[in-house]
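Positions annotated as domain 'RING-type' by TrEMBL: 10-60. As annotated by TrEMBL, compositional bias 'Low complexity' applies to 111-120, 131-143, 151-161. Residues or ranges marked as compositional bias 'Gly residues' by TrEMBL: 121-130. Residues annotated as coiled coil in TrEMBL: 279-313. As annotated by TrEMBL, domain 'COS' applies to 379-438. Residues annotated as domain 'Fibronectin type-III' in TrEMBL: 440-543. Under the heading domain 'B30.2/SPRY', TrEMBL lists 525-718.
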């Protein structure tokens, strides 16, 4: 029955075939197992429906599927019928192998298996042989040594126990029974053989483990539970212990999986190797996790500390708020009392005046009433003589009283409405309604269009939206080095100049380098903090200069302001000096400045001159030959209708308009360039790329007519844009080797 059952077992699920398919190679396979094989080949880019073939797991024959897929394969009906009859026979016979295996616990294989050999090979040594010897059948040993000496066995047991690992040793469990006894119930186990993976009573131990080889190498420990010794078994092959690791499927497998199973073409490793690698990975990850937990704990402690500080600060600010509000309430209460006293004092004054007037009115009224009574008595007298005698005096008094009635009537035009005490607290109410914490001012804004510059000064103007909340301003500036990351530039505070405590919205910085670009920040400050403006790039003008009379050729005449030079054959009254242009044909003059930094721009008004050479030179440049004929000078030259650039005796023709009347010269000393431009037509003519090693001086030569110099000019926009593009190109080529010697300077023509 066991042989028949093995023939009816699927090679994939290791169970009896269920709904078997008959493959073209004559092997069979469960329908569900075949479906799982197809599913294992699926991916996001390869759906199940697109799989048209798979390999037979038994012989690796390629099975081709039609459009119906697995449904297109034939069912093995005969095999299914055999399986049904086999299952019925197994149920009716309780002693069948299948039923016995279902009712009884699995027994361990004691004979040497192929897994020991494969594991020994992967493990790198004689593990297979050792394992085979160690796993010899106890039953065989029992028959071979029936009269083993128990005393020798006890000594062997003590010797073995002293050498085994403490991790395997367990405490004596009275419920552990001998697994080799045939009596029922079995006797209590006294030892467990780690090699055999079986627990023995004293009698069975003497019978199966005599003190002879190979049993002397067996490891005997105190009785332990079967689950402590039983290793992990393969999920696909029953009773086979896992002894290797599949790196492809990332799972534990047994030797049969590697030899005949679905892992036979997969890369595997020994359990020891995988154990060491995974353990090392786990230890590293654990170390990182512990470190991360420590960081989280520190962060949490900081957060808790911040929370506590927030509570403290909140209480402090709440107390400060109550204190400030109480002070405001106290001020209002005091002002209320002061104003109330003023009102009462005004009331007393008004009432005092009114009481005096009331008394005056009462007195006048009493006199008038007495006069009226007397006059009425006189009117009752009918005797003319008596009436005339008595009434004349009364009539005079009444007439006098009537005439002076305006004097007698008191003034009652007093202001009872208290208009001079009008209360209007609308402004104060508005201020109180706006009570809030003071915040840092909004960032100021630098007004580029209002900023001005000279060759050594820059005046910076800025505006602020909440100007009234600003206590002061702080101006910071430094030389712009072409760095586009302003945050990094701002953090490098070593090179920054700071002007503190500025009260106005403008400031003039003195002592700057001429022809140099600067970065400016403005910081608005109050008690709550400060805010910075956006950076602004401002530039000083070019260095102004004039023609140096000490260098002018004898046949050149300079104007009084030393800005114009003219060819004059009759002008010979000049003393000879070493710095003067002296050779015949070298009709030149130099500027009165030496430039060793910055970016400078000047223009030359050429007028009607058609023969000239304009550029820069070192102080050491020879004065007895044309500029550009040596390695210390660089010039742009015109000779009638030909335009050229010249350096170190090398000339190169360039394109320029015959109507060129104003030549622009841009010397960017810091970025190693000298360029010439048609200033009227905003066109670039040529650029020298020079690594200047010494200060240079502007140089001018003419052979006819005259030229005029305009220096100290700001760089025009079209020239500035070209210079910026050139600077970016140079920054991109910083990794390339460039000529540093002034004697071997490359010429670059840009048309």
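Each residue, glycine too, has its Cβ placed from N, Cα and C.
Long-range contacts of the coiled coil (279-313) within its own chain (CB-CB distance under 8 A, at least 6 residues past either end) are absent; none are counted. Residue counts for the domain 'RING-type' (10-60) by DSSP state, with H, G and I taken as helix and E and B as strand, are 13 helix, 10 strand, 28 coil. Assigned with DSSP, the residues of the domain 'Fibronectin type-III' (440-543) fall into helix, strand and coil as follows: 15 helix, 46 strand, 43 coil.
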